[in-house]
Every structure is written in C-alpha cells, then in structure tokens.
Amino acid sequence: MGSYVDEENGKESPKSPPNNSKFRYNSPLVQVGLIGLVCFCCPGMFNALSGMGGGGQVDHTAANNANTALYTAFTIFGILGGGIYNILGPQKTLFVGCSTYILYAGSFLYYNHIKHQAFVVVAGGLLGVGAGLLWAAQGAIMTSYPPHDRKGTYISMFWSIFNMGGVIGGLIPFVSNYNRTTAASVNDGTYIGFMVFMAIGTFLSLGILHPSKVVRNDGSTCTNIKYSSVSVELVQILKLFGNWKMLLMVPASWASNFFYTYQFNNVNGVLFNLRTRGLNNVFYWGAQMIGSVFIGAMMDYSFKSRRTRGLVGIAVVGVLSTAIWGGGLAKQLQYSRDDVPDHIVLLDFKDGSKFAGPFVLYFSYGLLDAMFQSMVYWVIGALADDSEILSRYTGFYKGIQSAGGAVAWQVDSHNVPFMNQLIANWALTTISFPLLVALVVLAVKDDDKDEKGATKEVAIPSNRDISTTVDNPSKE
C-alpha cells in the first residue's frame, strides 16, 4: 500500500491521505450504494419473480425443481465464492454472477411456450453458481468497506436499495397482469421486464472497485491484499468448517432462506390471486426496507457498547419473530394443503377485510426477513474488518443458507403439510437467537477496546502478494 507524508509532523504514513468526502467514487458509501444497485437489478428482480409463487407459473413443479438445483449449486459456490472473490476480484466475480440471473428469467419465458422443465432446471443450477459468486462478493463489500462503527447503517442502506428491486419487480407483474384475476401464469412481458433490469445490473457490476482501491475517510483501505491464490483460499475455506464462530451461525444461516418457500408458495401463492401476489410483493419488499433501516440504526446507535447493541438487536428481533410466527400459526390453522385449490377462494386486494389480515401477515414476514438477515450480517461484520476474511465468512453464511433453501424447496415439492413447514421455520429461527447471543458475547469486542489496542483478525497474504500483512492495533 502506498504512503504519504503528513504535513503536520513530517512523518511517512502507510495510509492514503484522508479525504472526508463521502461521495468520492472510491468511498465506501458510493461503492456500497453501487453494489446495492447491482442487487436491485439482479437478485431484487429474482426475488420479485420468486415471490409470485412458482416463478409466476400456475404449476409450481418446474420452479420448485429449478430452485432445488439453484440452491444446491448455491450451497457449493456460496462457500467457495469468498475464495473466488479473493482470487478474481469484484468485477469479474460479479459480472459472471449477474449474467446467470438473465438466463434464469429467460428460461421461464421459454417455459411459457414450451412446457419442458429441463432448460428451467439447468438455468436454475447455473444461477446457483452465479448467485454464490454474487452474494459472496456482496457480503464482503457490505461488511468490510464501511467503518466498523457504522456497519449497521451501511447494511441497512444496501438492504433498502436492494429491496427496492423487489418493490419495482412486484409492480411489473401487478401492472402487466392487472386484468387477469383468475389463476394463470404471468405473461411474456413480465419476464422480459425482469430480464431488462437484470442486464442493466450485470453491466453496473463492472463499476465496483477492488477493496484495495476503496479508501475510507480516515485514509485506510479495506485490505492490504491485492489478490489471493487458489491454495490459500482452499485451506482457509476448509478451516471455516472447524471455526467455532461459523458453527454457532449455522442455524441462523440455514433458517434465513428456509422460510422463503413457505412464505412465497404457501402463503402468497396459495391465498391470493395473480395480480394481488404482485402487489403483495411490493409491500413485502417494501417492509424489508423499513425493517433494515430500523435494525441498522438500533445496532449502530442505540448504546455506546458495540456488544450491548448486538445483544439488544438480537433480543428485539427474537421478540418480533415470536410474535410474527405466532400470527402465522393463527392463520395457518384456518387452511391446509388439502384445502388447495378446491376450498379456497383466492383473495383479491379489493376484498377489504378478508384481504387485510393475510396481507398484514405477509407484510410482517418481509419485515422479519430483513431484520433477521441484517442482524446476522451485522454480527458477521463485527467479527473482523478485513475484506478477505469477511468474504469467506459471508460465503460460508450464504452457502449454508442456500443448503437450507435447497431442502425447503424439495420439502414443498413432496407435499409436506403447510403446518409442518411453519413449525420447522419457527423452530429454526428461534434456535438461532441464543447461539447468536453466545457469539456476540464471546467474539464481538467493544469499540473502546479496539481503540485501546485489541488485536483484529487480519487476512493471510498469499505467495503472490509482495506486501506483508501484520496485526493492526489501530482503529479503522
């Protein structure tokens, strides 16, 4: 890393000259905002597509099988994605990852005309590879670029931009299918609209800078490592499976995509008609924006102690989770898989009070999702500050998360009762909270301890890196 001469004391500093402008292109704020826009266009639109239930198809079989292939591949490449990111850098990793989203949306356009699952399932598997790369890169950028005392704020900013994609994406099927109140697959224009946004996001990914070029306001960069090597990454990834910090996160990781199948297919996809599903997703992803801002502020500003902020955040999300899943149980007692589709009249947004209760429940599920995942990302970001380490941590998180998603889609494909799925989701999220509390207590240091000389976890340089990485006792 380059050095500069401090004019006040004439000494050489290993950091870049401080620059207080938050809107520099190489600032953490701009770069996290840009990765938010990339995710707005790609996974944001994917979320809107998935949120309609069955990928917008009447028969959910093709989408369920495609999602199983997706999350199986995602499991592998989510875990490997952090290492691949460290080797290739963000631009190549993100460009390859984003391009697979276009193919996936296109496969459903194909399926609208030719009812063969093969292309959809293969596209789902390829998307799993691409999503693993994208989310490992995104996780590293979102958790390592910001200063450590504002990570919650940056996470909430990213989550808000990203989920605006789901909001806009929800409007696409709502508007294009407004006059179709009976059960039907979405029209071609819906899929084409998704593909256009995904293509824009793919090209935006080329604007993301390598972490060594991103400079915080205090002049520090996000990593000393230019590029890693395959051997270093393989060793470090394998070590994650014996890392007690990662093991404590497994239930939270598994739970955080497991509930999507139930919420999308068996709440939104079962209770509401086509156009109302799209409208519901506008509010589902809009709720995520609200939830992420609320929990981000709480975990950055509520108390002076970083550890206390983490514990309070986990407690708040835990209480909210219990209340929302309890509401879900009350609704689930009113219908079952055996009632579908013969005994359920699909709800429309014009149905007044009949629509209101299930709508609020689905909105609340979106609120909880954002708060739960933002909380987990905050905990991950509190474990280290270096981009190379955090890319592996977030890759591990996304890999385990995707394994849970793969299982969940097959659970639904095998017609497991809705009630059983709800109970499994509730139990998994509840188990996560005490384990996250233990992780925060044992591994998260307070800000004042960092300032007084606590050793931070740093990346191991590869043989290709000519610089030497040392423990950094100073504040970011």
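Positions of Cβ are set from backbone N, Cα and C atoms, glycine also.
Some features that TrEMBL has for this protein:
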{"type": "REGION", "residues": "1-22", "note": "region 'Disordered'"}
{"type": "TRANSMEM", "residues": "29-49", "note": "transmembrane segment"}
{"type": "TRANSMEM", "residues": "69-87", "note": "transmembrane segment"}
{"type": "TRANSMEM", "residues": "94-111", "note": "transmembrane segment"}
{"type": "TRANSMEM", "residues": "117-137", "note": "transmembrane segment"}
{"type": "TRANSMEM", "residues": "158-178", "note": "transmembrane segment"}
{"type": "TRANSMEM", "residues": "190-209", "note": "transmembrane segment"}
{"type": "TRANSMEM", "residues": "246-262", "note": "transmembrane segment"}
{"type": "TRANSMEM", "residues": "282-299", "note": "transmembrane segment"}
{"type": "TRANSMEM", "residues": "311-330", "note": "transmembrane segment"}
{"type": "TRANSMEM", "residues": "359-383", "note": "transmembrane segment"}
{"type": "TRANSMEM", "residues": "423-444", "note": "transmembrane segment"}
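Residues 139, 142-144, 146, 148, 151-152, 155-156, 159, 163, 245, 249, 252-253, 255-256, 259, 263, 267-268, 280, 283-292, 294-296, 299, 306, 310, 313-314, 316-317, 320-321, 324, 327-328, 331, 349, 390, 393-394, 397, 429, 436, 439-440, 443-444, 457 of the same chain, all 6+ positions outside the transmembrane segment (359-383), place their C-beta atoms under 8 angstroms from a C-beta of that stretch. Three or more CB pairs closer than 8 A are found between the transmembrane segment (190-209) and the transmembrane segment (158-178), so contact between the two stretches is assigned (pairs 6 or more residues apart).
Ranked by the number of CB pairs under 8 Å to the transmembrane segment (282-299), the listed stretches 29-49, 69-87, 117-137, 158-178, 423-444 are led by 158-178.
Sequence-distant contacts of the transmembrane segment (94-111) (same chain, at least 6 residues past either end, Cβ-Cβ under 8 Å): 35, 38, 41-43, 45-46, 49, 55-57, 62-63, 66, 70, 117, 119-120, 122-124, 126-127, 129-135, 137-138, 188, 191-192, 194-195, 198-199, 201-202, 205-206, 208. Ranked by number of Cβ pairs under 8 Å to the transmembrane segment (158-178), the listed stretches 29-49, 69-87, 117-137, 423-444 are led by 29-49.
Highest Cβ contact count with the transmembrane segment (29-49) among the listed stretches 69-87, 117-137, 246-262, 423-444 falls to 117-137 (criterion: pairs under 8 Å). Most Cβ pairs under 8 Å with the transmembrane segment (246-262) belong to 423-444, among the candidate stretches 69-87, 117-137, 423-444.
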